[in-house]
Amino acid sequence: MKSQNKYSIRKFSVGASSILIATLLFLSGGQAQAAEKQVNMGNSQEDTVTAQSIGDQQTRENANYQRENGVDEQQHTENLTKNLHNDKTISEENHRKTDDLNKDQLKDDKNSSLNNKNIQRDTTKNNNANPSDVNQGLEQAINDGKQSKVASQQQSKEVDNSQDSNANNNLPSQSLTKEAPSLNKSDQTSQREIVNETEIEKVQPQQNNQANDKITNHNFNNEQEVKPQKDEKTLSVSDLKNNQKSPVEPTKDNDKKNGLNLLKSSAVATLPNKGTKELTAKAKDDQTNKVAKQGQYKNQDPIVLVHGFNGFTDDINPSVLAHYWGGNKMNIRQDLEENGYKAYEASISAFGSNYDRAVELYYYIKGGRVDYGAAHAAKYGHERYGKTYEGIYKDWKPGQKVHLVGHSMGGQTIRQLEELLRNGNREEIEYQKKHGGEISPLFKGNNDNMISSITTLGTPHNGTHASDLAGNEALVRQIVFDIGKMFGNKNSRVDFGLAQWGLKQKPNESYIDYVKRVKQSNLWKSKDNGFYDLTREGATDLNRKTSLNPNIVYKTYTGEATHKALNSDRQKADLNMFFPFVITGNLIGKATEKEWRENDGLVSVISSQHPFNQAYTNATDKIQKGIWQVTPTKHDWDHVDFVGQDSSDTVRTREELQDFWHHLADDLVKTEKVTDTKQA
């Protein structure tokens, strides 16, 4: 008979626990975890079946602990009933369901009473779990286990008597009294063993302000580490509600620390929480989106737009000048960004030499204080150091490339920079060896594979007659430099890029002293400026010092805005040519060399197509490296039509300008397939 009773009790325990686990897994979305323990107590008739309120099976050690300490099962039943009833009070929105299931819940209090011994003050933190879900699970477990109860009549009578007694109790709902019994060393050891055998699960509420609190449910028997206490503490229902809605108080922080200490000492593994996994997955997705932001651009290598002679960015330009890249028609850089191309506008000297501008362009991209070089500064008589750039691509190094697009003189500047990166500056290297000191990494060379492509728009690769016949005249230089001197005062935002020559008033310097100092500058007699570099002599010197890089894609775009005169072979400016260029266009149109006459107002077609001493070919759909790919000449396009500065020109429309730049940018993206060293 005893064997049969033991079998029935075991069957009831396994059946009830299995159903309870399935129910809680279904209702809590996989957040509740259960553990099953079998209880074999020999011939004792006081063996009871423990049904966990959160889904955990009570262990045999806990039953021994309860029996050894002479726990009054009836009193534990009443205390647990009070706690469950208080759960119902806190969850008012589930009040109706709890009332219907309350009686069935009381029937199982006999089996669950052993859990109440270790209930602590922080039990209220776990009341965020829906009590109706727990009651429903217990109800199903009890109903399915009734058949097993019949097998043990004596056990059933004890359970029925306890249920009848509990059903008639008048349960208080205004306060919850909790006791913390003192424990001796053996009790503490037993309690520690119980905690080790009990699984921990985390419950995350889904709605309201409860979502802000992460609740750790240790099942009622291991809610908090049990410590000897002398006083009883009574919590009202209103206090429980306030604790749920208010921010965490220092006392709660202490409780949490105690719980963490218990977990640490017990070495209990915390089971994965589904809700936490979902939040972590979402966070990873968000992070992925953030990282992918750079990947949204069509171009892997950023595009850097390099302005030409007398070019400015909007923050330092004279107010009479239009926006360089797009004029009043459009903002080219911004339009490229909006259409998926990463692009920048370089800010370098407007009237400096190609060498000085190339050094500035390097630091504009890389970042840092401009170092023109000790040897160069000593040779031409200007300051060695210039302005400091923040840098748009601080990680710019071999393998990390950029596309360089230069308009007018900007194309020459780009070529000079590429030469310095690849081969360095022999004069600077020798000077540093002789005199010591620092040397810029730019002048050391061996910095290949930092440029993906070089594209030039109306660049005077071979110089221009406009500079030979007018631009480089002493009178013209004097006028321009005087204007630069005037704008160099300390109250002006305009920057001509000639500070290395002293054309910038110092903070504590009077304007009179500034003018006197500028008169002594070597700028007035130097060739280290843009006026000279744009002459055919200066351009030829640059061509001798530079070479083609076999790893770079080169391409040129050329415009033409003149036509043949009726009675001669001279070229005359078109009616729609940018008005300031009419004079220079006609001047170039009557040059001695007939092949130089066709021009865009400033630059001859023959000079814009390619350097005379370097290889070239007609551009096709096939992308080639290490050779100038010359695109067909764009007729009726003057020098500024490539950048849209002529707002009065009705022939060249905004849509046409936009299409040109979109095609150019798309072409740059295609070149990355043949210049990407990572794929090669």
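Cβ atoms here come from the backbone N, Cα and C positions, even for glycine.
Around the Cβ of SER408 (active site, nucleophile), the same chain contributes HIS307, GLY308, PHE309, GLY311, LEU457, GLY458, THR459, PRO460, LEU602, VAL603, HIS639, each under 8 angstroms and 6 or more positions distant in sequence. The feature active site, nucleophile is assigned by Swiss-Prot to SER408.
Around the Cβ of ASP600 (active site, charge relay system), the same chain contributes GLY458, THR558, GLY559, GLU560, ALA561, THR562, PHE581, GLY585, SER608, TRP637, ASP638, HIS639, ASP641, each under 8 angstroms and 6 or more positions distant in sequence. DSSP assigns ASP600 (active site, charge relay system) to coil in the three-state reduction, outside any helix or strand. Per Swiss-Prot, the feature active site, charge relay system maps to ASP600 (among others).
Residues annotated as active site, charge relay system in Swiss-Prot: HIS639 (among others).
According to Swiss-Prot, the Ca(2+) binding site annotation covers ASP638, ASP641, ASP646, ASP649, on the basis of similarity to another entry. Every protein chain shown contributes to the tally, and the Cβ of ASP646 (Ca(2+) binding site) ends up with 24 other Cβ atoms within 10 Å.
Marked as compositional bias 'Basic and acidic residues' by Swiss-Prot: 84-111 (among others).
What Swiss-Prot lists as compositional bias 'Polar residues' is 125-138 (among others).
For 162-193 (among others), the entry in Swiss-Prot reads compositional bias 'Polar residues'.
The compositional bias 'Polar residues' feature in Swiss-Prot is assigned to 204-223 (among others).
Taken from Swiss-Prot, the feature compositional bias 'Basic and acidic residues' applies to 224-234 (among others).
The compositional bias 'Polar residues' annotation in Swiss-Prot covers 235-246 (among others).
Same-chain residues with CB within 8 A of the center of the ASP638, ASP641, ASP646, ASP649 CB atoms, the Ca(2+) site residues themselves not counted, are ALA561, ASN576, MET577, PHE578, TRP637, HIS639, VAL640, GLY644, GLN645, VAL651, ARG652. Cβ neighbours within 10 Å of ASP638 (Ca(2+) binding site), excluding its own Cβ and spanning all shown chains: 30.
In this structure, ASP649 (Ca(2+) binding site) belongs to neither helix nor strand by DSSP; it is coil. Within 10 Å of its Cβ, the residue among the binding-site residues ASP641, ASP649 with the fewest other Cβ atoms is ASP649. Under the DSSP three-state reduction, ASP638 (Ca(2+) binding site) is assigned to coil, being neither helix nor strand.
Note on HIS639 (active site, charge relay system): other Cβ atoms within 10 Å of its Cβ, all shown chains, come to 30.
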